[in-house]
Amino acid sequence: SVVLNVGGTRYSFSREVLKDFPLRRVSRLHGCLSEQDVLEVCDDYDRERNEYFFDRHSEAFGFIMLYVRHGHLRFVPHMCELSFYNEMIYWGLEGSHLDYCCQRRLDDRMSETCTYYAAEEPNGGPEGKGRRPPGAEGRKWLERMRRTFEEPTSSVAAQVLATVSILFVIVSMVVLCASTLPEWRAPENRSVEEQSRYTAESVREPSGIIEAICIGWFTAECIVRFIVSKNKCEFVRRPLNIIDLLAITPYYISVLMTVFTGENSQLQRAGVTLRVLRMMRIFWVIKLARHFIGLQTLGLTLKRCYREMVMLLVFICVAMAIFSALSQLLENGLDLGTKNKDYASIPAACWWVIISMTTVGYGDMCPITVPGRILGGICVVSGIVLLALPITFIYHSFVQCYHELKFRSARYSRSLSAEFLN
């Protein structure tokens with residue numbers, strides 16, 4: 001018989017069972033002809049007792065053995081999904097061997113923690129020094145460029161690039177805010193020809209030049225990041241890249257509209273569209289999420305807690321439906337001699353419910369009957385309770401996301417420190 005000792009737990013099998021064993025690492029023992037071949041598969045070997053030692057997680061292997069016997073593979077309770085996945089890879093299993101529910105957990109976990117499994121460098125061994133496959137230098141250069149643009153703490157050049165990008169975002173936001181001042185805005189009573197001439201000349205003004213420089217920087221940055229990205233389709237689907245596209249595209253659309261409309265009679269309608277497109281530059285603020293952990297934590301928390309957010313919206317919608325119908329009935333629906341015109345319909349009462357549940361209370365409309373005021377008090381208290389219920393889950397997720405992103409940033413900072421030392 002053959003004995004497998006995995007983390008102190010012993011399993012006994014017949015020699016013939018190893019030949020067709022479902023785990024590739026165990027089945028490789030059947031074809032080992034020498035002790036050196038055996039030690040390439042396991043950590044140690046006892047010839048007298050025919051016992052193979054594996055310094056691996058014993059509880060994880062126990063769950064893997066359940067898959068061997070019953071055909072169902074699930075995660076070990078209270079064990080990190082990524083750690084169990086590493087055990088699976090060691091024994092020769094893949095993510096497809098997991099049950100469907102556990103596959104989804106593994107996919108979510110890998111996407112949340114941004115885990116990448118990189119292959120070992122071919123020249124890592126002592127005999128491989130100095131020999132690199134064709135194209136290795138090019139791939140290394142692309143990887144360095146990708147990290148420079150994607151990870152602000154990965155190198156000195158990445159930090160400089162991130163600082164320049166932040167300065168451009170700040171400058172563009174200052175110009176956007178200043179352009180709404182009365183001294184900067186074009187008079188509304190211009191004729192069509194004057195408006196056309198003003199629109200054409202505004203590009204040559206200092207604000208227009210600054211805006212063009214910022215757009216040029218953001219466009220060049222986006223193009224370079226697209227070129228050096230590993231997966232072009234994945235690059236296009238990322239939320240931050242979509243936001244970059246939404247922030248850059250309106251400028252070029254507005255320039256094209258200005259060129260093609262000219263002195264056309266439709267310029268007045270085009271002017272409204274241009275103002276809307278220019279105001280979409282506010283999306284540039286979200287570009288700061290690439291360089292600040294706080295904004296990244298907020299985005300990752302919203303992504304993870306979408307179920308809690310949906311639950312919160314359901315609570316609010318249900319409460320709005322109930323309280324708006326009751327308030328409309330008590331304030332306007334019953335013939336009590338004091339009809340409140342602000343509650344003439346249920347949709348109008350919904351506005352009062354939402355500002356009451358969120359404890360904003362603008363005071364633009366309020367109940368005047370005694371039953372309506374009692375209902376208003378219940379509405380406010382219910383809003384505090386309902387809004388507080390999912391907050392605990394969102395808070396714990398926020399803390400977890402912050403620590404994960406902080407750990408990732410510290411990992412790149414260590415590489416940055418090594419670069420300074422070198």
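Here the Cβ of each residue, glycine as well, is placed from N, Cα and C on the backbone.
The domain 'BTB' annotation in TrEMBL covers 2-109. Averaged across the domain 'BTB' (2-109), pLDDT for the predicted model comes to 86.
Among the features that TrEMBL reports, transmembrane segment is placed at 156-181 (among others).
As annotated by TrEMBL, transmembrane segment applies to 208-228 (among others). Panel annotation: around the transmembrane segment (208-228), residues 142, 145-146, 149-150, 164-165, 168, 171-172, 175, 202, 235, 241, 244-245, 247-248, 251-252, 284, 287 of the same chain, lying at least six beyond its termini, place a Cβ under 8 Å from a Cβ of the stretch.
Under the heading transmembrane segment, TrEMBL lists 240-262 (among others).
The transmembrane segment annotation in TrEMBL covers 282-302 (among others).
Taken from TrEMBL, the feature transmembrane segment covers 309-330 (among others).
Annotation source TrEMBL lists transmembrane segment at 342-362 (among others).
Residues or ranges marked as transmembrane segment in TrEMBL: 374-398 (among others).
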Proximity of the transmembrane segment (374-398) to the transmembrane segment (282-302), 3+ C-beta pairs under 8 angstroms: yes
For the transmembrane segment (342-362), sequence-distant contacts whose Cβ falls under 8 Å of one of its Cβ atoms, 6 or more beyond its ends: 316, 319-320, 323-325, 327-328, 331-332, 372, 376, 379-380, 382-384, 386-387
Tally of residues which DSSP labels helix, strand or coil - the domain 'BTB' (2-109): 56 helix, 17 strand, 35 coil
